[in-house]
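As annotated by TrEMBL, transmembrane segment applies to B:6-26, B:76-99, B:119-141, B:162-180, B:192-210, B:239-262, B:289-312, B:332-354.
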Amino acid sequence: MQLTNRSKQVSNKQMTLAERIYLPAIATGMAITIKHFFQKKVTIRYPEVKRYLGPVFRGRHVLKRDAEGRERCTACGLCAVACPAEAIQIVAEERKKGEEHLYREEKYAAIYEVNMLRCIFCGLCEEACPKQAVYLRHDEFVPVFTERDQVIWGKDLLVENMNNRYLRKAWTKEEAQAQDDAKVRGEIKEVEPRAIP
Amino acid sequence: MELTAFIIKAIVILVIFGLTLLIAMYSTYGERKVAGFIQDRLGPDRAGPWGLLQPLADAGKMFFKEDFIPAQANKWLFIAGPCLAMLTALMASAVIPFGSTLRYDGVEVAVQAVEANIGILYIFGVVSLGVYGLMIGGWASNNKFSLLGAIRAASQNISYEVAMGLSIVAILMISSSLSIGDIVAQQHGGNWNIWYQPLGFIIFLTCAFAECNRTPFDLPECETELVGGYHTEYSSMKLGFYLFAEYINMFVSSAVISALYFGGYNYPGMDWVYNQLTGAFGNVAGHNVATLLGTGVFFAKSLFGVFFYMWVRWTLPRFRYDQLMNLGWKGLIPLAILNIVITGLAVMFLQPALTAMLK
């Protein structure tokens, strides 16, 4: 019975003279390596040139605002429940009078913290959120941090900046391809990761 | 008159040694670049334009690393090892004819540090001393792994020196001279030894690789069966000397190969170029320009040899030690002897017949 068509008949044939003196084989190998010498290099100069990571890359978190700049999060806690690493901490608060321009609904997250050392960037918070408030950006990494007090990210770092709104430009493979092309043409600029204050 | 010759010679010697050191320095950069290109990556490109300052950065790093001598090591021999390796590598470059002659004020000076008429013997003598560098380094470390590595390195070098010496005998039979200058001069007019000695060339090339401890024969250093080889205990610039000696060896051996087999400073259409130059610049200046051009050709050939070393390094896998010994003793030495016999017969019978026929 044949399970795959990859099986190969093993032979025990004697090597020919050309094979036994090895020099032709060495010449072939040399030809292959010298061909690589002139091929296009696959590496890029990383910090200056960055590759597009794809539409489904899960980078740093963002707490979305709506079009009027109000926070969408209602502190329901589903993201924290969904989080397998238990990286999310939420403290809910009631919206006061006069804060309608800040928060979309009556309840909001007074404290929303993500522990960046615990987070595994699985994206389950994103899927759990009923209000489409939390996203993992596809275009930004979490910047490198060196201090322990930079591990826990509060709302100051998470909530969306209205001047640098996060929009997913590509959701399908074709859109991602178009985005890659736009990137090559220089129409899409790199979004610099925000520095930690 | 004497003084002019002396000054020219001094300049020639300084330039030759300076260039040898510079080339050895930049072949470390070249190696990384070639490795990068062959592996489809870029290689060093941070320090300076295209990474050209990388060797300086490497040297700076070497200087600032901790210079460590093990407590139980033999201190003086421990220091002497890398110096010896470096010294022997550099000494060999003394008799290589980098060009024909320079003329100035009626004086004629060869572009060669020493015009020794036993050039090849000298090179073999000096190169065989290089074994002491490795052996002393391994022994003085007082580390059994280093000692084992040094013994391996020494036995490898000695074995391949035998085949190397035998492969050169055929060339000496053809040219009937021990002076490398003479051998190069005889290859004038496309009469390169590679056409007469293809087998000898392959043997010599293989042995040169083994002598320089380059892949596929880089068994003196290995992490798998020994900890690091004969230089396990070495750090900072002393290790740098060992590595540097390897690169000098590479350059010197490819210079020897190009002198012995590829006509040295000879190149096709040399006479025509010479006549053009002497016509254009006058006898003395034209001669000097032609000599410098020949020197450039020689360096180009040698540098291609260095590139070839790197090319091979990123192509061929390493030998196992018993394979290495088998190849040396059972493969190359019999082949070299066969080559001597064939060359002997050719020089004895074929050459007189051919000369008679051509007359």
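Numbers run from 1 along the shown chain.
Just so it is clear, glycine is given a Cβ too, placed from its N, Cα and C backbone atoms.
Touching of the transmembrane segment (B:76-99) and the transmembrane segment (B:289-312) is concluded from the presence of at least three CB pairs under 8 A, sequence neighbours closer than 6 excluded.
Counted over residue pairs 6 or more apart, the CB atoms of the transmembrane segment (B:289-312) and the transmembrane segment (B:119-141) come under 8 Å in fewer than three pairs, which marks the two as apart. Remote same-chain partners of the transmembrane segment (B:239-262), defined as residues 6 or more beyond its termini with a Cβ less than 8 Å from a stretch Cβ, comprise 20-21, 23-25, 27-28, 31, 59, 62, 81-83, 85-86, 88-90, 92-93, 96-98, 120, 123, 127, 130, 133, 137, 168, 171, 180, 183-184, 192-194, 197, 200-201, 204-205, 208, 211-214, 231, 298, 301-306, 308-309.
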